[in-house]
Ligand SMILES: CC(=O)SCCNC(=O)CCNC(=O)[C@H](O)C(C)(C)COP(=O)(O)OP(=O)(O)OC[C@H]1O[C@@H](n2cnc3c(N)ncnc32)[C@H](O)[C@@H]1OP(=O)(O)O
């Protein structure tokens, strides 16, 4: 039997090799990759399984904040780099590592755990539920109806090209403003900015273009990273696609200006939006929204609630109501019966084992409705939430609903 344990710094190179094997990447680990990756090493937060001295499974978690509905950041245990070598699959190694990590996260006081699931069926069994979704649009520039003579914002703002160093200076503050207003967004640390702007490299790297939107006051309100392919039609007409890696903005005016900018670049005939929230403004920023076609759609951030009381009290509610929730957690970490009393003034959630439940739901279903991205009525229709009294699912729908869908722009 393989031995699951916390990985020491001395074992890190072997762990990295196993990670590359599990993700079917070239197993060679260069010095540069090793040094870059070493910066992600947090003592106690890397798990591995070892068999005869060889690392055969990997698991990494790190401290993160996740924005709840209403803007409060909640402490999260972000999980990444999960692999089991093909020689050791389906022997329970993932289950062992996950149980160990979630127990430690609960002990530390994290309210939730988060991850981006490689495949849909893996994580539901551990109490995770899909909590944010993502949509990519491809915009046919010639169909948009945007003014082809556009040469920049006409409200006193401007678009400036910048480089990676500028992004490392301007990006973090802008992103903080963005994420405090975006349920489902997660924190980025300094290393994230370094790795995502080429200052620290652990794989192949091509410098993208970066543009910022500045308001009339000079303040940076939006940032986009994009690259272009090199496609020409048979008739020697440029036919290039701008692919966006990330577009964040502190307000809708900056967001619109950046989309307009991307659609105005000479030679660019298509703009691929990158992964946006499902209710993103992009199509409606165009005079003809049908110029934006959905080319990818799916679940994105998965959440595992570790503390029901703190999770439900951390978010805001536009409606007023009381619900008794019977939360079933097969993992034994966070289940129980709770009374949620919510109103726009605040919420309280207390254990209520003696009261009769209005709704019975799994801990994963609670995660899906917690960020406002899924509807209790839909889950009740599927039999995944059980209303214990007439109208309870509709009442939950009204209470958990939020005015915008949650969105996590990051992959980790
Ligand atoms: C957050 C991230 O890092 S996402 C990246 C996840 N990693 C990958 O996709 C890399 C390739 N895959 C792998 O490395 C492995 O297959 C893993 C990590 C997904 C699973 O590891 P394993 O050790 O085989 O899982 P383990 O044996 O603990 O399985 C537990 C249960 O999950 C099921 N399961 C595991 N992986 C899958 C899957 N991909 N699809 C469906 N079911 C799965 C198993 O059948 C088992 O079910 P059971 O308890 O009913 O028998």
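Keep in mind that glycine also has a Cβ here, set from the backbone N, Cα and C atoms.
Here is what TrEMBL says about this protein:
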- 123: active site, proton donor (ACT_SITE)
- 412: active site, proton acceptor (ACT_SITE)
- 82, 83, 84, 90, 91, 92, 93, 94, 95: acetyl-CoA binding site (BINDING)
- 2-149: domain 'N-acetyltransferase' (DOMAIN)
Quick one: which of the recorded positions (93, 123, 412) have their CB closer than 6 Å to ligand 1? 93
Cβ within 8 Å of the mean position of the Cβ atoms of 82, 83, 84, 90, 91, 92, 93, 94, 95: remaining residues of the chain near acetyl-CoA: 49, 57, 88, 89, 96, 97
Please count the residues of the domain 'N-acetyltransferase' (2-149) that DSSP assigns to helix (H, G, I), strand (E, B) and coil. 47 helix, 52 strand, 49 coil
If you count Cβ atoms within 10 Å of the Cβ of residue 82 (acetyl-CoA binding site), leaving out that atom itself, what do you get? 23
Select one residue from 123, 412: among these active-site residues, choose the one with the most other Cβ atoms within 10 Å of its Cβ. 123
Looking at the binding-site residues 84, 91, 93, 95, the one with the fewest other Cβ atoms inside 10 Å is 95
Here the Cα-Cα span from residue 95 (acetyl-CoA binding site) to residue 123 (active site, proton donor), rounded to a whole number of angstrom, reaches 10
